Amino acid sequence: MPPRYPFGGGAQSDEAHHQPLERRTTAEAQGNSFTHGHTAYPTYDMGAEPHSPPHVSYDPYLPPSTSGDHSGYEMPSANYNDHHRSSYPQAIHSPPRMTNPYANSQPRQGSADPFDEHDGDVPLLPRGGNYAYAPASHFDEHGNHVGPVDKYADGDDDVMDEDAVNGQARGRLLHTQVPHDDDYMPGGFDPNVLENGQAGGVRFGKIPQRVPRRYKTLKRVELYHGNLVLDCPVPSKLLDKLNDRESREFTHMRYTAATCDPDEFKTERYTLRQVLFDPPRRTELFIVLTMYNEDEELFTRTMHGVMTNIAHLCTRERSKTWGKEGWKKVVVCIVSDGRLKINSRTLACLAAMGVYQEGVGKNVVNGKPVTAHIYEYTAQLSIDPSMHFKGREKGIMPVQILFCLKERNQKKINSHRWFFNAFGQILQPNICVLLDVGTMPRPRSIYHLWKAFDINSNVGGACGEIVALKGKFWGALLNPLVAAQNFEYKMSNILDKPLESVFGYITVLPGAFSAYRYIALQNDAHGQGPLCSYFKGETLHGGQSDADVFTSNMYLAEDRILCWELVSKRDSAWILHYVKSAQAVTDVPDQVPELISQRRRWLNGSFFAGIHSIIKFGYIYRSSHSFGRKFALHIEIIYQTIQLIFSWFGMANFFIAFFILTSAMSDKIHALKVPNLVLSYIYVAFIIFCFLLSMGNRPAGSKAGYTLAMVVFALLTVYMTGAAIYLAVDSILNATGPNGGGTDALVSNRTFVNIVISLAATFGIWLIASIMFLEPMHMVTSIVQYLLMAPTFVNVISIYAFANINDISWGTKGSDKVMTDLGVVGGSGNNQVEVAIPTESKDINDAYDDAIHVLSNKAPKAGPGPVDKEQKQKDYYATVRTNVVLCWSLSNAALVVGILNISSIGTRTIYMGFLLYSVAGLALFRMMGSTIYLIKRLFSGE
């Protein structure tokens, strides 16, 4: 009877490693002799005891000859050099003829035959029946393939394999023209229901298997310094695609089961591949990608962008640091927050690149629960967002990847602790780059970011420009939410960031795309410093602290705390810098609930962190900054204080402007007096409505209410703008009339001066600054949407933020339950453990097939997620929340009453002019800073 899992044959099959048996035997002998020569390191080729069961589960279809093959897992050698190389054949640059597993099946009734269009390419979606087909029908009793031969269609790109049976057929992963349905997902589950009962049709936590795997061998392995470390051969099907198959870093993936806290990683004698090379590799750039449950499109967008940047570093052959071998100085660390939370299709991408292998990880090692699964591999292939492989022929260079899959969901700040305190302590990098999955750095951005540190040794942190994703043909700008955020991002990168960079203190380096000098972040001998302050947020939001509401909200913006602690570090003179040339694209919230929830954390965190920097400004005197730098920081802190005051009274000032303008128009047109009064009542009513919504309703649960408030405020803004235009035009007509008095009367008209000159100055400054930075398009495509959204930012989002300062649930406690679904590694004495791992080439390749198969099928569109009925409003800090909201609302109300009811009309006009000129003055101040930045940039060589 043929084997049930015929991929690659058994241990006696030449397909096992695609090489002759005698060559493999020689290679194994050489490998064994090499490993036995290094007794200081563990040997993973120990073999099984004669009385040990050969497999965890007996399979009657498994050929007996495979039971004794345990050559797959060898030691993680300290020397990854030419003396120990895999004996895989040289790279095949033209792929072999392929087999077509569907050649004898019939197409579905009423559907087009995909083979007619693709000329023999294996289609992504079979013609019918179950995807979990029985591949044994294509093999004889000896395991030899007898199926039909498929054609290979050449294309411009090497594209990812759609491996229906043997993983050798090439074709696009996603054929949009091929008829298909979404009723099937690998693994045999309903695409509309997740494993946990949620809708969406995408698994989380593991790659779905088309056929249950039972080929696991019980092996006895030595612990490496008391830790479980395995060198796992990558699938031979992946090796067939690689240009370089000689070095062990390309032929083996290294797995480490970490059972410690990140801070104890080094003391527990864990290590990483880079320090095991002879000589050890120096890490110049250490890049971290933090992710949670992002899908494969977001992941590949970021990962492919990073690999493209590394390829650019390797093209800079005249550089003293970079060049052809520059990739050896870069390590990319991917930290996924929670093993059961990771998207299965993202995991499949990692498996397709060779970074991840299903079935290797374990839950418990010698009674210690595993806290993180660490996979190390040097990938030669990149996957772009269209699901195509890109290799050396497209300029992609090898990339050292460190994939840390955390066992529990402990939030982003814990992921950064693994990055800085665990892996950073081992690698001791020069520059650390922080990226969020979903943010795509442009091809040379990382180089420009690194260059800022190389040019100026005082730079301790830097950030690039975050660009809103506009979509194809800028179609995303049709959404007013996206357009408004696009304008906001652009003006911040043109006016705010350059100004702060000139002073040397940028209030926030966005965690989505920023970089730090590693030594600048280190704590002092007493354990105090930037990283210590930064990681306080993990315990505050992990339920392990009784911190007050001020501190808790302050650490919602822990990246702002890190920036301040870095600039004010004791006996240091680090500065923060903005790099205009470094750009990264990210998608912004395009739905009302997402926008409000995101801005709630931003506003609360930035507000309380701003207060923190003002109160703790004295820390600047403990630093080693020069007198000139300290003087500049004094000016900046005054500017930040003014900004904070305007932010606090923003709600009142917007209503005052609305009331004064509409009242002035009522004086000109008496018929509008009653309608304007009604509009003022509507304005106040919706302010109250927003308070009621914010106190008891989540944005996702009250989307219609929040959207209604945003629309009403936008309409009121349109009316207010019309009133301002009418008053300006009326003033001009009166001044130029027969009895108007001409220009002198126009200049003496306070209403005209306040409205026209101040607003013209503001918009003029925006336009001039945008032209100076050679980016004026947002002034055309997005300014109207931004002006209409302005009252939403001032009223709706601010009210929600202040009304929910008690919500500090940005970080949550992870579950303390120890999972055992991956398996438990038990000790057998003498520093050895017994571990069940896939060793057969067929089983390793089958797991690789599953990953390719998952990516080969179009992901079903996720429907709206169900509302969590268990969610309830938290009452933590409720009293403080009430007091803050009362203070904020009453102070704004007092300002409104004082200006509109108590003062005279002349006072109103003066205050209106003060508001408008303040906006213009702050814009002018920012423009001066950005101009200085551009001048410095011309001479700095950035």
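Glycine is no exception: its Cβ is also placed from the backbone N, Cα and C atoms.
Feature annotations, courtesy of Swiss-Prot:
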type: REGION; residues: 1-124; note: region 'Disordered'
type: COMPBIAS; residues: 14-26; note: compositional bias 'Basic and acidic residues'
type: COMPBIAS; residues: 27-36; note: compositional bias 'Polar residues'
type: CARBOHYD; residues: Asn604; note: N-linked glycosylation site
type: TRANSMEM; residues: 641-661; note: transmembrane segment
type: TRANSMEM; residues: 674-694; note: transmembrane segment
type: TRANSMEM; residues: 709-729; note: transmembrane segment
type: TRANSMEM; residues: 755-775; note: transmembrane segment
type: TRANSMEM; residues: 783-803; note: transmembrane segment
type: TRANSMEM; residues: 885-905; note: transmembrane segment
type: TRANSMEM; residues: 909-929; note: transmembrane segment
Cβ-Cβ under 8 Å with the transmembrane segment (709-729): same-chain residues at least 6 beyond its ends: 592, 657-658, 661-662, 664-665, 668, 679, 682-683, 686, 689-690, 693, 751-752, 755-756, 759, 787-792, 795-796
Interface-richest range of 674-694, 783-803, 885-905, 909-929 toward the transmembrane segment (755-775), CB pairs under 8 Å: 909-929
Stretch of maximal Cβ-Cβ contact with the transmembrane segment (674-694) [cut-off: under 8 Å; candidates 783-803, 885-905, 909-929]: 783-803
Outside the transmembrane segment (783-803), six or more residues from its ends: residues with CB under 8 Å to it: 477, 480-481, 483-484, 487-488, 595-596, 599-600, 603-604, 607, 647, 650-651, 654, 686-687, 690-691, 693-695, 699, 706, 709-710, 713-714, 716-718, 721, 766, 881, 884-885, 888
All-chain count of other Cβ atoms within 10 Å of the residue listed as 'N-linked glycosylation site': 24
